[in-house]
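Here's the structure we're looking at; comments come further down.
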């Protein structure tokens, strides 16, 4: 193989078009995820759609109440973190060192994105005028010692991997009274699947170039003792919009340092990309190769290898589902590509390719055997649909919640007041944890965080009254005809009997939702292909996948806020 099986360099990656694809997560009562059927794809047992944004979406933590620490046999006590209860801030330093003031060195600009723990801004270095990104993590949201350790570890890992051409460069970490600020390289070039779709042509050779970047990052992490644990397309961004823009990995929030031979049990990651041994709570670094294999499968076909209409269904497919190499476009894809994917998605981690072996595979290596002929145009269509989330259902649930009578929601209103201990009109993560414990819910912090993320429609970091009602109202209210019609009428501004793209755009603006790829939302729901959503199509969308999963138990890993609060 000579010198062909080496990690990707900026020169080798010039024609890769990396961007991030958002995991398809549809809002459902109780915070469960529901993918929808991608049009134009042969019928399967399940379906999928997703959200695309200018920033990487929140990662999903697949929680389990019986999990042990992510690092086994840690030994010793964690440092005590003193809290100022009145202010909700960490009194001790997160960084454990004196820090220069961020505002003395940088000027903060526009907000680029917001997640559960932090907000990312564009910032400018005063001394040089260089444009960078600043991720500000609110210290009031670091409510446990584990949260603080996670932030410290993320910073350590980013410094540890510094210098790799496909890892975002960290410039510095700063701390003040209210937040920890991570200043890093700005990746403004957009997301993987969007870039592919924009170009309008796509070949196996191009997919192999992208695969080389992904696998190269995995190899670099493993060689430096880092397990990523959350590899997915949305964790890769282009630096700029140029044709030869480098592709960078941007998120190490779930990454850990590992020791060869040790096994880990925290069930973390994102449903479509999680390895089977993670679900079995006994795994090592091989999980990253599995996740990379899933991404490559999607790059070649436009759909994930394992999907279903519920997270539980996805997990069952991951554990025992068959790989589909018979449906289009797989018959036209080279045997070498299928060989790589099959070996990366071997359920036995001992037989799975290592990252280095995958990087040396003939289909991946520089000047390898990947053909340059275009892939089926349907792949581009599916990639586009895979990267657009149906946010309409989330908004519709909120509309229904806000139109319920006082009698219907009286009990939920009192529950909201009970949780909102400071009467701010917002339930914070800490308030949710306290409230759930008061009602006897035996949930781990990671599980409660998952509930929070699902209920927080606008990603503000807290749950307002409308979001709370939407997350906890009973399913029979969602499916009641008068409520469905009222919700439809809210979007149908001109009472034409149809929801148009312009009307959907206005609704997104009212809800504070950014670019939602409206054409793809409509296409996903529009069964008669007239470019509009009629009432029957709207009702079908609202009723699809509403079978409750129930609280997590022996065979279930998903649960909803309604169940957690014991509301039946």
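From the backbone N, Cα and C atoms, a Cβ is placed for every residue, glycine too.
A sphere of 10 angstroms centred on the C-beta of residue 230 (active site, proton acceptor) encloses 23 other C-beta atoms. Per Swiss-Prot, the feature active site, proton acceptor maps to 230.
There are 18 other CB atoms within 10 A of the CB of residue 114 (ATP binding site), with all protein chains counted. Among the features that Swiss-Prot reports, ATP binding site is placed at 112, 113, 114, 115, 116, 117, 118, 119, 120, 135, with the record citing sequence analysis.
Under the heading Ca(2+) 1 binding site, Swiss-Prot lists 420, 422, 424, 426, 431. A coil conformation is recorded for residue 420 (Ca(2+) 1 binding site) in the three-state DSSP classification, outside any helix or strand.
For 456, 458, 460, 462, 467, the entry in Swiss-Prot reads Ca(2+) 2 binding site, with the evidence type sequence analysis. Cβ contacts within 10 Å of residue 458 (Ca(2+) 2 binding site), excluding its own Cβ and spanning all protein chains shown: 16. In the three-state DSSP reading, residue 458 (Ca(2+) 2 binding site) counts as coil.
Residues or ranges marked as Ca(2+) 3 binding site by Swiss-Prot on the basis of sequence analysis: 492, 494, 496, 498, 503. Mapped onto three states, the DSSP output places residue 496 (Ca(2+) 3 binding site) in coil. Less than 8 angstroms from the CB of residue 496 (Ca(2+) 3 binding site) sits no same-chain residue that is six or more residues away.
The Ca(2+) 4 binding site annotation in Swiss-Prot covers 526, 528, 530, 532, 537. Annotation note: residue 526 (Ca(2+) 4 binding site) sits in a coil segment as assigned by DSSP. Around the Cβ of residue 526 (Ca(2+) 4 binding site), the same chain contributes 532, 533, 537, each under 8 angstroms and 6 or more positions distant in sequence.
Annotation comment: Swiss-Prot describes 106-364 as domain 'Protein kinase', evidence class sequence analysis. In the predicted model, residues of the domain 'Protein kinase' (106-364) average a pLDDT of 91.
The domain 'EF-hand 2' annotation in Swiss-Prot covers 443-478 and is backed by sequence analysis.
For 2, the entry in Swiss-Prot reads N-myristoyl glycine.
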Beyond 420, 422, 424, 426, 431, what residues of that chain have CB atoms within 8 A of the centre of the Ca(2+) 1 site's CB atoms? 419, 421, 423, 425, 427, 428, 462
Return one of helix, strand or coil for residue 426 (Ca(2+) 1 binding site), based on DSSP. strand
Measuring Cα to Cα, how far is residue 456 (Ca(2+) 2 binding site) from residue 492 (Ca(2+) 3 binding site) in Å? 25
Using residue 120 (ATP binding site) as the reference point, find which of the binding-site residues 420, 424, 528, 530 has the shortest Cα-to-Cα distance to it. 424
Centre the Cβ atoms of 492, 494, 496, 498, 503, go out 8 Å, and tell me which other residues of that chain have a Cβ in range of the Ca(2+) 3 site. 491, 493, 495, 497, 499, 500, 532
Between residue 114 (ATP binding site) and residue 460 (Ca(2+) 2 binding site), the C-alpha gap once rounded to whole angstrom: 7
Look at the binding-site residues 460, 462 and tell me which residue has the greatest number of other C-beta atoms within 10 angstroms of its C-beta. 462
Residue 230 (active site, proton acceptor) -> DSSP, reduced to three states, gives coil
